[in-house]
Amino acid sequence: MSIPSSSSPVLSPDSSSHDAVLSAPAASPADSENLSPDELELLAKLEEQNRLLEADSKSMRSMSGSRRNSGSSLVSSSSASSNLSHLEEDTWILWGRIVNEWEEWRRKKDKLLKELIRKGIPHHFRAIVWQLLGNATDMPVKNQYSELLKMSSPCEKLIRRDIARTYPEHEFFKGQDSLGQEVLFNVMKAYSLVDREVGYCQGSAFIVGLLLMQMPEEEAFCVFVRLMQEYRLRELFKPSMAELGLCIYQFEYLLQEQLPELNVHFRSQSFHTSMYASSWFLTLFLTFLPLPVATRIFDIFMYEGLEIIFRVGLAILQYNQTDLIQLDMEGMSQHFQKVIPHQFDSCPDKLILRAYQVKYNPKRMKKLEKEYTTIKNKEMEEQIEIKRLRTENRLLKQRIETLEKYTEQFVSNLQTQLEQSRLREAELLGALKEMQDKVLDLEKRSSCLPDENNVVALQEEVKQMKLRELETLRSFREMQETVTELNQRWQVTGGGGGHWKESPKKNAMNELQDKLMTVRLREAQAQAELREVKLKALQLESQNQINSKLIGRNDQERSALQDRLQMLANQNKALQAQLNEMKRKQAESDCKSKEEVMAVRLREADSMAAMAELRQRIAELEIQKEEGLIQGQLNHSDSRQYISQLRDQITELKNEVGHTHRHRHTRTHTLSDITAQSLEWTLKPCNNQGCGIVELFSSLTASGKKLFFILVVLHQMLRSLLPEGRGQNSPCAGWVGSRMMLEDFCAKLTEPHVIHVAAVVTTRLFSQFKSSATSAVRDLH
C-alpha cells in the first residue's frame with residue numbers, strides 16, 4: 001500500500017506533533033524477534049536520539065535559570081535541532097513503512113503498533129492511519145455521498161444552528177459560510193440521511209470537525225460512519241442515550257473503587273458524574289481538553305475504543321483529587337472549566353502515562369454492563385407498570401366522574417320515584433283500608449256459614465235434593481190430579497143425596513166415605529204442603545251452597561289482597577330505606593357544600609383583610625411620598641420663591657373655580673376658594689404681627705415646620721379635588737384621604753401650641769370643606 005500524496009488539507013490541530021513522536025516505544029522481546037534488522041537499527045537510533053534530547057532539554061532548562069551564557073549552550077541547541085531533524089526523518093520513514101505494510105503490522109507487530117500509536121501519530125499520517133484503523137478505506141457508502149448531498153434532511157435547521165458553535169476559534173471553521181462550516185454541514189447532513197434513527201446530535205459535530213481537519217469530506221464521512229457503527233458511538237448518540245447511561249454507570253463504579261474519598265466528596269456536594277463526564281464520552285474530550293491533547297487521545301481511541309476515555313477521565317480525577325476535595329460544588333465546576341483543561345498543554349505524554357497507570361478490568365466492565373442492563377430492564381418494567389397504573393388511574397377517574405354524573409341522575413330519578421311512590425302509597429293505603437273493611441264484612445258473613453270441608457257432600461245432597469224435588473213435583477202433580485178427581489167425584493156424589501136417605505146403611509156408608517174423602521183430601525193437601533216445604537228447603541240449600549262458593553271466592557280474593565298488602569308494605573319499607581339513605585346523602589352533600597361555602601367565605605375574608613391592609617399601607621406610603629416631596633422642595637429651593645408660587649397657584653385656583661362656578665350652581669363654594677381662604681387664614685396672623693412668610697418659616701421649630709408641611713400638603717391635595725374629578729379624585733374620597741393624612745401628620749407633632757394651632761386649622765378647614773364637598777357632590781349627581 002502506498003502513501004497518498006494529498007491525504008488532507010494542512011490544518012494541524014496538534015501544535016506539538018513533533019514532540020508527540022520524540023520518544024519511541026520500548027519494544028518487547030517478542031516484538032523484537034518479529035522485526036527486521038533495518039527496523040531494529042531504526043528503533044535503536046530513535047532510542048538514542050530520545051536520550052540525547054532528554055539530556056539536552058535538561059541542560060537547556062538548567063542553563064535558562066542562570067545568567068551565564070556560554071558557547072556550550074549554543075552547541076547544545078544546535079545539536080538538539082540537528083537531532084530533532086534526524087528524528088523526524090526517522091519517524092517519517094518508520095510510519096511510511098507501517099502504512100505501506102499495514103496488514104503485516106496488524107498481524108505480526110500489533111503490540112509495537114499499539115505503543116507507537118500511544119506515543120502519537122504524526123500529523124501528516126493521521127488521515128490515512130485513521131482510515132486504516134477504522135477500516136474505512138473502501139466503503140460502499142462513499143459512492144452515495146454525492147447523491148446524499150442532493151437530498152434534503154429534516155435535521156438541516158438544527159445542523160445550521162449548531163455549526164457556528166463547533167470549534168468557533170479554529171481558523172478552518174471561523175466565519176459564517178466558511179469552507180469548514182460548509183463541509184461540516186455536508187457530512188452531518190449526509191449521515192442524518194443514512195441513519196435516520198440517530199439523525200443529528202450536537203456532540204457528533206465535534207468529532208466530524210476533527211476528522212475534517214485531517215482529511216477531505218468524503219473520507220471523513222466514511223470514517224465517521226465506521227466510528228458510529230463499530231465504536232459504540234451510535235448507541236451513545238441515540239435519542240434514548242442508553243449507552244451513555246451505561247458509560248456513566250461504569251465510570252461511577254471505577255471512581256468508587258479507585259478514588260473512594262473523592263467519590264464521597266462528590267456525593268456530599270451532589271456533584272453528579274453526569275455533570276462533568278457526559279461531554280467526555282459524547283465528544284471524546286474534544287470540548288474539554290485543548291485540541292492537541294484531545295487529538296492524542298483520539299489517536300488511541302481509534303485503536304482501543306472507549307477504554308481510553310475511562311482511563312483518561314480517571315487519570316484527570318486522580319491528578320486533581322487533592323484540590324477537588326477542598327472545593328464545594330460551585331468551586332468544583334469552575335475547576336473543571338478553567339483549571340483542568342490546561343494542566344497538560346505542555347506535556348500530553350504525562351496524561352497518557354497516568355491514564356495507563358489506571359486499573360482497568362475489561363471482564364469487570366462486562367459484568368457491570370450486564371448489571372446495568374438488568375437494572376434498566378427492571379426500571380423499564382417499572383416504568384411500563386407505572387404507565388399502566390397511570391392509565392388505569394386516568395380511566396378510573398373518568399369512570400368515577402361518569403359514575404358521579406350517573407349517581408346524580410340516579411338520585412334525581414330516585415327522588416322523582418320517591419314522590420311517585422308516596423302518591424301510590426297513599427292510594428294503596430286507601431284501597432287497603434277499603435279491602436280491610438270488605439274482609440271484615442266477609443269474615444262476619446263467613447262465620448255464619450258451614451265449613452268449606454262439606455262442600456262435596458253438600459253438592460251430593462243438592463243433587464239428591466234436586467232428584468227428590470223432581471219426584472215431589474211429580475207426586476204433587478199426581479196428588480193434584482187425585483184431588484181434582486176426588487172433588488169431581490164428591491160433587492157427583494153430593495148431587496145424589498136422596499139415595500142415601502132412602503137407606504140408613506147407605507147413608508152411614510156415604511158419611512164414612514165422605515169422611516174418608518175429607519181425610520184423604522186433607523192428607524193430600526198436607527202432603528202437597530210438605531212437598532212445597534221440602535222444595536223450599538231444597539231451594540234454600542241450593543242458595544246456601546251458592547253463597548258458600550261465593551264466600552270461598554271472597555276468601556281467595558281476601559288472601560290475595562293480604563299478599564298484595566304485604567308486598568306493598570315491603571315495598572314501602574324499601575322505599576323508606578332508600579328515602580332515609582337519600583336524606584343522609586343529601587345531608588352529607590349539604591354539609592360539604594356548607595363547609596366549602598364557609599371555606600370560600602373565610603378565604604374571601606382573608607383576601608379582603610389583606611386588601612384592606614395593602615390599601616392602608618398604600619395610603620401610608622403615599623403620605624410619606626408627599627411628605628418627602630414637600631420636604632425636598634423646602635430643603636432644596638428658596639422658601640420665599642416657593643411661597644410666592646403657592647400664592648400664584650391660589651390665584652389660578654380662584655380663577656379656575658370662578659370659571660367653573662359660572663357653569664355650576666351659584667350657591668356652591670368652590671374647593672379651591674376654601675383652600676385658598678383657609679391657607680391665607682392660617683398664614684394671616686403671622687403677617688398681621690409684622691413677620692413675613694420667610695421670617696415665619698425660618699422662625700418655626702421642627703414641629704412648626706411640620707404644620708407648614710401639613711398646610712402645603714392640604715393645598716396640593718385639594719387641587720386634585722376639583723368638582724370635575726371622578727372615582728378616586730372625587731371630593732368625598734379626597735376629603736377622607738386628606739383627613740386621614742392631616743390626622744396622621746398632626747399625631748406626629750409634639751409641641752402643645754403647634755398641636756393646638758393644627759387642631760384649630762384642621763377643624764375650620766374641614767368644616768368649610770365638608771359642606772362645600774357635599775354640595776359639589778350633589779351638583780355632580
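Cβ coordinates are placed from backbone N, Cα and C, and glycine is handled just like the others.
In TrEMBL, the annotation region 'Disordered' applies to 54-80, one of the ranges 54-80, 648-674. Of the listed segments 1-40, 361-400, 481-520, TrEMBL assigns region 'Disordered' to 1-40. The average pLDDT computed for the coiled coil (509-656) is 77.
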